[in-house]
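As written in Swiss-Prot, here are the features:
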type	residues	note
BINDING	50, 159, 235	substrate binding site
BINDING	88	Mg(2+) binding site
């Protein structure tokens, strides 16, 4: 079978988001997982920022991975991927000028779409919730991303977090990002369909939801009716790989019992050592957390 080009895959992604259906992403974190996802019939994959941090650095999701490290992983995936892959490009690795560089590099890597979020990063230790940048700065980042794009087939999605801001602010952000020219809007933290209806009113571009498996949003037909074209439940495949690796190596060492009771979440916490980063934040950033 002929290999699809990067532009072919970008056109495929645009066809998905122009349809009347909602598609669920495969967690794609390396070339092998990209091939598996395509072979199993997934229409779209996603390289998560948090997963890339785990895969490349064995580090927690504290915005520690650099653009070059993320792009290197995306490039490895782009060499073999035969399904469109979305890159979770976090905050674009800096200001609007950094966003432009991010878009250029990820486009060269072969990514079909990317998301730019309005989260204030790196992590603001010592705060109860994650802050967002101003809407004006978020709009500037989207405009910069569109300016930097060379292939018009690559999709640029703006992303915001509806869980930590009032509904009216979420509506305003979504509408302003749409007006700035974003090809789609990614929303994290939607509670239920009523919440989605409020925030998506007036949105005409495709929606992507990051649901983390929220059972209130499991009606795929209803999601599609409300304009959701891509749904990200999380990265279960990656965490299953962590668990399988641990159990296999543990068995090879003939440690008592062939299986461990530790969950993938517990293993991830153990081996990313987040307490070290919290301690460094206390020590060097005058943070009490």
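Including glycine, each Cβ sits where the backbone N, Cα and C put it.
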In DSSP terms, helix, strand or coil for residue 50 (substrate binding site)?
helix
Distance, residue 235 (substrate binding site) to the residue listed as 'Mg(2+) binding site' (CA atoms, angstrom):
12
Among the binding-site residues 159, 235, whose Cβ has the fewest other Cβ atoms within 10 Å?
235
Return the residues near residue 50 (substrate binding site), defined as same-chain residues 6+ apart in sequence whose C-beta is under 8 angstroms from its C-beta, sorted by sequence, else 'none'.
61, 88, 235
Secondary-structure category, per DSSP, in which residue 235 (substrate binding site) falls
coil
